[in-house]
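*Asks:* This is the structure, below, for whatever I ask next.
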């Protein structure tokens, strides 16, 4: 076979890098795929295809439109808290074989689902607060046209619009090929045509590579109970809106034991309990397989019925609440102008329950970490460099941050609308009758205070990080100088050394992600607990004077919008006002960015960077998280690789296809390689560049990307894997090496291959100062051509981009292709020989295939 016939297939990272930039060519043409999952090749001005540097087929796989293609995806930013809670499930440490660890893992999942449904309820409450309270109850009576309508019409429309917000949130998070509407269509079509229903797709995980769930096809389908979970979340939101509708029309509905209100509250409690006890999401993918315990099917069927019953019941209660709006008369609507009293009760209960759930999650997550402490990597072992953030507490920390953002979103919208319409209302603020104003509810006003304090805390954290980096400035300067020094002379102008040092310092901030999240989440939890403790005494009241107070200076952890002094005079709380204006600014920014993102795909790519990371993970604990693109992306890429391999002749001494994954694309490539058949993988080489497969992914998702999984893939590829990195990269770093010494002639590092053999000497590729740490190549940035700047330009620090512009890129392609496909037959014979030697040492006298054996 001609070894010069091969394919270089590049996969982009976050922000949807354009195909022209991926190939570094001015003109490209789509050669495969559809409008979302696309394949491009470079062409000339006449449309003729252009080959790569070595004559290879140069192709780019562009998946960016899966997260930023349509204008509707501009609204995904609203779903950020849901996506963070859903992603937190995948941050949990692996449960392991022990029963206690499995129980703790399942409890963490239950608490994550509880936090998720409480967040959904908080968003439903925020929608109702804005539409029912602020607009329909307080502002509409004074409006010229709306004020002339019947109160029941205005309030009923507000209730229905609030319910529509919940439905829209669910619609935004729908999946690719799941949902009850599609199932219903299939059933109707089967009934009309008298044909059987299509069989449920079943997949069998490749057990030989089950070192990570990413090697199992079932993983990418997500939890098969997502439609049920979506029904339950919609029901929870509708029950909250229904309760608000009853209370706005009948302020004393609870005292009068109105049936509609009791049904709304009881229905919400039942839905929350069912969601919490729904089951371990990791088992949700297993019931897609052909085998499994019978009780799993029964439990799935039972919860599916409960989901439908809850959804139908919530709609019925909502309709009853709207139909009963006739109890509001025009005089009461136009004259009272007071906030619906019980809305404060809903806000207080949601927040206190949420804080309790987060505290429980922290405790159980910590217990799981303690139980799994024996699995903690030993000091000096390679696994140590892949250890998870915060000792394995990332799930609780990330959930807490997501919850803070979710409550902040709710407070931002409500506070922004209240301030824009000037709807603050006076309430009694102390026992001596002083009057203070409340913008939305006392709880949300305290949230504004907490966010104001959080910003101060965040600034302090960033200052500490900057100071920490400045302390290491001298050491960084020494490393940068050594990187650009050869034979005692500097290879770049001295002023570039300081520029590179600054870029390296910025790049190393990513190493502080764990401590930053730990400090921010811990501070936020302290503020949240303080807020909840002070709200408990006034949970069933809207009078701020009945709220509790922490002793001494601890009372500063939670404050209302206005503080009443001993003289009875209400004074503005500057921190709370700052937090309120911060939330208003955040709401305005969100509105502006969403508007721009709807109009421009480039803006959507930038805005949806977060979904390039979070939406890789399937639905697990929150069904409103945007649909996971990983199933579509990984399947499409695998099929494209197979298509290329089928067209290329077999039997060569080099790899037929080089898969090049950048940033998030390296995770996509990693997952795709795990799913290839052995015979296919033997013909493929892997190049990752700007990759987070060591510096972020194993720390954030330890059960899915870890040292064992990376070692398995490296061995499966027989060493046909090279990673490229730069020290100036703000988002990525080395993957296959660690513990690097400063650049000298005898510089050493620990690296693949043979990662457990300790530190070994690295190689330097002149003249560009590329440091080869085994299978990890460090590109100098900028490239050191020559001190006089005649052989090449030193004009820009690329950081996370343009790896293919490095002159050693082509050398990398040639090197990784040169790794011959493994001789599986020889390996099998060696394995059989080792097995026989082991059997003989155990007492066997003859080989099992010996012809003399009787």
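Cβ coordinates come from backbone N, Cα and C, glycine included.
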*Asks:* In TrEMBL, which of 185-207, 208-230, 346-368 is labelled transmembrane segment?
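*Replies:* It is 346-368 that TrEMBL describes as transmembrane segment.
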*Asks:* Counting only residues 6 or more past its boundaries, what in the same chain has a CB within less than 8 Å of a CB in the transmembrane segment (346-368)?
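*Replies:* For the transmembrane segment (346-368), the list is 92-93, 95, 101, 104-105, 107-108, 111-112, 114-115, 118-119, 121-122, 125, 129, 240, 243-244, 392-393, 395-396, 399-400, 403, 407, 441-444, 447, 525, 528-529, 531-532, 535-536, 538-540.
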*Asks:* For the transmembrane segment (512-533) and the transmembrane segment (574-592), decide whether they are in contact, meaning at least 3 CB pairs lie under 8 A, counting pairs 6 or more apart in sequence.
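*Replies:* They do not touch: fewer than three Cβ pairs between the two stretches lie under 8 Å.
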*Asks:* Taking contact to mean three or more C-beta pairs under 8 angstroms, with sequence separation of 6 or more, is the transmembrane segment (74-93) in contact with the transmembrane segment (389-414)?
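*Replies:* Counting Cβ pairs under 8 Å (6 or more apart in sequence), the transmembrane segment (74-93) reaches the transmembrane segment (389-414), since there are 3 or more.
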*Asks:* Six or more residues beyond either end and a Cβ under 8 Å away: which residues meet both conditions relative to the transmembrane segment (152-172)?
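*Replies:* For the transmembrane segment (152-172), the sequence-distant neighbours (Cβ-Cβ under 8 Å, at least 6 residues beyond its ends) are 72, 75-76, 78-79, 82, 120, 123-124, 127-128, 131-132, 135-137, 140, 146, 230, 233-234, 237-238, 241-242, 244-245, 248-249, 318, 321-322, 325-326, 328, 623-624, 626.
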*Asks:* Considering pairs 6 or more residues apart, do the transmembrane segment (298-323) and the transmembrane segment (260-278) have at least three CB pairs under 8 Å?
*Replies:* yes
*Asks:* Apart from its near flanks, which chain residues at least 6 from the ends of the transmembrane segment (448-468) lie with a Cβ under 8 angstroms of it?
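*Replies:* 404, 408, 411, 415, 439, 509, 512, 516, 519-520, 523-524, 527-528, 531, 557-561, 573, 575-580, 582-583.
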*Asks:* Residue list, the transmembrane segment (389-414) vs rest of chain: Cβ under 8 Å, 6 or more residues beyond ends.
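*Replies:* Residues 78, 80-85, 87-89, 91-93, 108, 112, 115, 119, 122-123, 125-126, 129-130, 134, 351, 354, 358, 361-362, 365-366, 368-369, 372, 376, 439-441, 444, 447-448, 451, 454, 513-514, 517-518, 520-521, 524-525, 528, 583-584, 586-587, 590, 699-700, 702.
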*Asks:* With Cβ distances under 8 Å as the criterion, find the stretch in 234-254, 260-278, 574-592 that has the most pairs with the transmembrane segment (114-140).
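*Replies:* The stretch with the most contacts is 234-254.
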*Asks:* For the transmembrane segment (234-254), give me same-chain residues lying six or more residues beyond its boundaries with a C-beta closer than 8 angstroms to one of its C-beta atoms, as numbers and ranges.
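*Replies:* Sequence-distant neighbours of the transmembrane segment (234-254): 117, 120-121, 123-125, 127-129, 132-133, 136-137, 155-156, 159, 162-163, 166-167, 169-170, 260-261, 264-265, 267-268, 271-272, 275, 307, 310-311, 313-315, 317-318, 320-322, 324-325, 327-328, 340-343, 346.
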